[in-house]
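Swiss-Prot annotations:
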DOMAIN    197-282  domain 'KH'
DOMAIN    323-416  domain 'HD'
TRANSMEM  1-21  transmembrane segment
Amino acid sequence: MLWYIVAGAGGLLIGYLIANYQINQKLRKAKEDAQTIIEKAEKEANEIKKKAIIEGREEVHRLREEFEKERSRREEELRALEERLLKREELLTRKEENLEKREQQVEELKANLEEKMREVEEKEKRIDEELKRLAGMTVEEARELILEEARQRYEHDLAKLYKEMKEQVEEEAEKEAKKVIAFAVQRYAPDYVGEITVSTVSLPSDDMKGRIIGREGRNIRTFEKITGVDLIIDDTPEVVVLSCFNPLRREIARITLEKLVADGRIHPARIEEMYEKAKQEVEKAIKEAGQEATFKAGVMGLHPELVKLLGKLKYRTSYGQNVLNHSIEVALLAGYMASELGLNADKARRGGLLHDIGKAVDQELEGSHTTIGAELARRYGEKEDIINMILSHHGEEEPMTPEAVLVAAADALSAARPGARRESLENYIKRLMKLEEIAKSFKYVEKAYAIQAGREIRVIVEPDKVDDALAEKLAYDISKKIEEELEYPGVLKVVVIREKRSVAYAK
């Protein structure tokens, strides 16, 4: 009996040990399988990564080949244009030779006329003697009679010849001018996109709209105050709209908002930080835009400050037309026409590119954009003939050179193209600019921003010099001056903002 008990206990012990061993074997196998799966996943991930890198390199190579093809095509077009220009120059040379031949014919006609006059004088002498013999007239009386008859007869012929030649020359000159202008316009036929007063910023999700607004709207108020741009948030999915008549302020605001959305941290301090970074980016973009404009127009050797001012024109519009694109267009048109007429094309392009340079700062300085532009050009070393082109394209001075006339003509061509400018948008922008100018004319005003499509103006004042009572009076005075000097629909809200900041650092 005892032996059975011992045997049963031994069997149980052996069964336990075997079961424990099997469990340990299964655990070890499970760990090995898990390690194998992990290694396999890592291997597949590396293969996917390598494949993505290879595909990326292939895409870069493809894009590079497309770029080289496009560049080759553009170079071929340029060579074709140069060949056409050479042919036009040859045609112009032949026409000049024909004109010289006609001038020679005129000289020959003039010589023949003088010869006939001498023959008339000889006949007059013979007639004098005959009249004196036959009629008993004095020499003076006979001479006066003959001269009067000859004068009446030949003056009529000479006047008729002069009129015919004048009409012929004027007709040919008009035809040639039309050909020159048509050829210049055909050589430069750019695409044009009208400027608008809004920009859109895409959002990763509609949840971001709440973060942009902030607690009780503090973020959106800070953003609009710092940038001077309306931030419009509506039901449009994953999009917000920035509205401002000033393209420069709108671009800075767009970059600021995109940086905030990408960063994800949106609060007043972060808004100010991103705004400063956006301003630096736009300053860099302005410089690059100016350099690109000089390259497109083929103008070299400009002062760096003039290049920077050209870049600012990228963010200015005139009747809905971008001023920088307009300046490049005027430069190229003037250069083409100068080449056709055998004039200085480099000088014409330089004057055309700089003719509206004053518009880069005319909001900051007193005077017309032509006067301001001439002052800037003189300050940065431009020659008097270029300065004359700037002043004469709107008639403030008489053109000193043929190139100045071409710049004025190119300016008119660019502005008069159908669809190039829009009157209503320009009037709206001028009204908003006038609104800001009125607010800035008051003492202690630092900045002024017209927002809400001109229905509200926010005025930021110096906090150390304006208290609450003076702020209320300033708002009243500004509103009264706006009522006197501007016409506007509905009610216009004037908001005076004074903010005092004290900053200290704990070390």
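Glycine is treated like the rest: Cβ placed from N, Cα and C.
For the domain 'KH' (197-282), the model's average pLDDT works out to 86. Per DSSP, the secondary structure of the domain 'HD' (323-416) breaks down as 67 helix, 0 strand, 27 coil. Counted with DSSP, the domain 'KH' (197-282) comes out as 52 helix, 13 strand, 21 coil.
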